[in-house]
Amino acid sequence: CPRPCICDNLRAHVLCLKGNLTAVPSTIPQLTKKLDLRRNSFTVIPVGAFLATPYLTHLDLQRCKVERLEEGAFRGLGRLVYLNLASNSIALLYQESLDGLSSLQQLILEGNRIEEIQPGAFGHLGSLTVLDLRANALVYLPDMVFQGLQVLRWLRLSHNALHVLGSEAFAALPALRRLSLDHNELQALPSEALARLDGATRLDLGYNPITYVAEEALAMASLKHLFLDHAALQDVAPDAFTHSPQLRTLDLRENQLQGLPPLAGAGGLARVSLTGNPLLCSCLLRPFHDWLARARVQAEGSCTAPPALRGRPLDSLRPPEMRCGHPPLPPSPTVPLEQPREAGSGQCPRGCTCSPDFRHGSCENRDLREIPRGFPRDTHLLDLHRNAFGTVQPGAFPGLKELVSLHLQSCSIEALHPGALRGLENLVYLYLTDNHISTLAAAAFEGAPRLAYLDLDHNAFTRLPTGAFQLLPSLISLHLQHNAIGELVEGDLAGARALRWLYLAGNAIKRIAPTALAPAKMLEKLHLEGNRLVEVPTSALRGLPALSELKLSRNPIKHVGDGAFLPVASSLQHLYLDNMGLEQISPGAFIGLGPKIRSLYLESNKMSNIPNMSNFTGLEILNLRDVPFHCDCQLLPLRRWIDKLNLRVGATCGSPAEARGLKVKLSIIFQTCPGWGPGKAGGASPDKTKAASKPSKKKRSGKSPARGFKKSRA
């Protein structure tokens, strides 16, 4: 059994948890069936990484800092039925990334950074029944993206930023029964895409900014449960659900509806929930109220107006009470007519390949000096990476107004000229990684107003390209990692008002001006690891009310002062302060932070104590490995707190000599401290400890803050 793993030969189960492994051990027993590699540091899963363990049925790679799956990474795992890759940093799924997993039934990719899925990525997963893509960075789903998933029953796409769905995005899912699209950015019902799902019985569309459900908007023959709660609905057409005859429950909670018309054609409807809507119970609502009675539909909700009926449940109203004399309902919002799509035309450029089924063109790695022209006009994805273009001239992509994703990585590009993207009005993704770009003109992105993902990692920027984001009102994700940026100054992010994720790791940033981040008021993730900051940029965090993740790892910050994170205390959930050589954390450093914090990384630092964190009751991850704690009586509060946590924390003593290397949780040195008692947590008087050892049944049944995590030794 390889170190530091634990092998259970009887059950063919191997655990290598949180061992800081950087590669999959080659000496894992060949007959292993379940392999748990959570919380290691693999970064890349190379080709054939598991060829030595062909009998695996379950593989867990959660929180392993995986950034890339090489094509063929899982070849040889024909028996695998469960693969968990949650909470990593995977950004792109290639066509062969998941090759070889013919028996896979569950694939968990939740909580990565997946921005794009190339058509064909799931083509080899013919046995998959559950695909979990929650909490990624998807904006667009191309046609046939799920081709090959013939038996998939549940597709989970919640908590992304989807606002563009290809009309054939779900065309290859004949067995799908449940589709989760809640918590996205859909502004209208994706009627064409959903019409392909003849067998789906449940559809979750809540928490999208949908304002109107149009006539015959939903044609899903088997749909029984529709969730449109917490959206922005102002009106629903009378025949919106005519072509969904099996619909039983309709959830419209927490919208802006003042009423509904009778819902023609929804003969099977049993329940409509309108709770949390500003219902106007005037005579204008009588037709709907009468229809509820005739159709025997249960309705939940209560009147907001008129004042005499405020708070009255809908099912308690009598028609004579619903009188007129109140302002009419506002007119239905105008719904733009969809323009007919122009058929693709044109030949594929010589030396390139074009796939009309996927609307995908490719000229990768052809040593081209000029960008080829003549791709079909309906091309959605164009892959030109690993060429030698040098520059991108104005109007370089004529006729490609439907292009959504453009790949120009590793093309020796030094300049993106103004107007280079002119005409790319539907472009969402632009990849310019690994080039030689050092500056961008303000007009560089002219003509691409829908651009949401811009990847400029591994270029030659020494500062942010000021003014370049003014023409990008839809920019959500900006990658500028591994450049040579020295500081962030006022105006750097001017115009980036929709920005949510900013990645600046691996630069040389020493200073962030107090107003540098101010334009990005919607910022949720800020990655600054591997820079040259010597203090927490507290003043620059002001005005970021949505910031939930802050990475400061690998900066030479020696001291964290009082109130360092106070400006983002109400929103921060994930804080990375590891590998900094941190020597001291002030007692008030974490003031304001509390139950919202879910993960805190403090490993590989030099401090000997940490502040009181007893109010961090929502913690799911706490990493204190490789911190030289001085295990004396002053550390007793931390020791007691660790006792109560249901987490692996990895805290060990660095001093005194007799305790060095011992786990803080197991060290007996605390037993000599005043107030230490025989109880597990110590510090209580004998009487109180005895009482605490026999909690009431009521207390036993209560939830702990970290319930659901297996208890293990620190």
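Going from the start of the chain as shown, residues are counted 1 onward.
Glycine is treated like the rest: Cβ placed from N, Cα and C.
Computed from a predicted structure; not experimentally measured.
According to TrEMBL:
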- 312-324: compositional bias 'Basic and acidic residues' (COMPBIAS)
- 695-714: compositional bias 'Basic residues' (COMPBIAS)
- 1-34: domain 'LRRNT' (DOMAIN)
- 277-325: domain 'LRRCT' (DOMAIN)
- 347-381: domain 'LRRNT' (DOMAIN)
- 628-674: domain 'LRRCT' (DOMAIN)
- 302-343: region 'Disordered' (REGION)
- 676-714: region 'Disordered' (REGION)
PLDDT averaged over the residues of the domain 'LRRNT' (1-34): 86
Surrounding residues of the domain 'LRRNT' (347-381) on its own chain - C-beta under 8 Å, 6+ positions past either end: 118-120, 142-144, 166, 341, 387-390, 392-393, 396-405, 407
DSSP helix/strand/coil residue counts for the domain 'LRRCT' (277-325): 22 helix, 10 strand, 17 coil
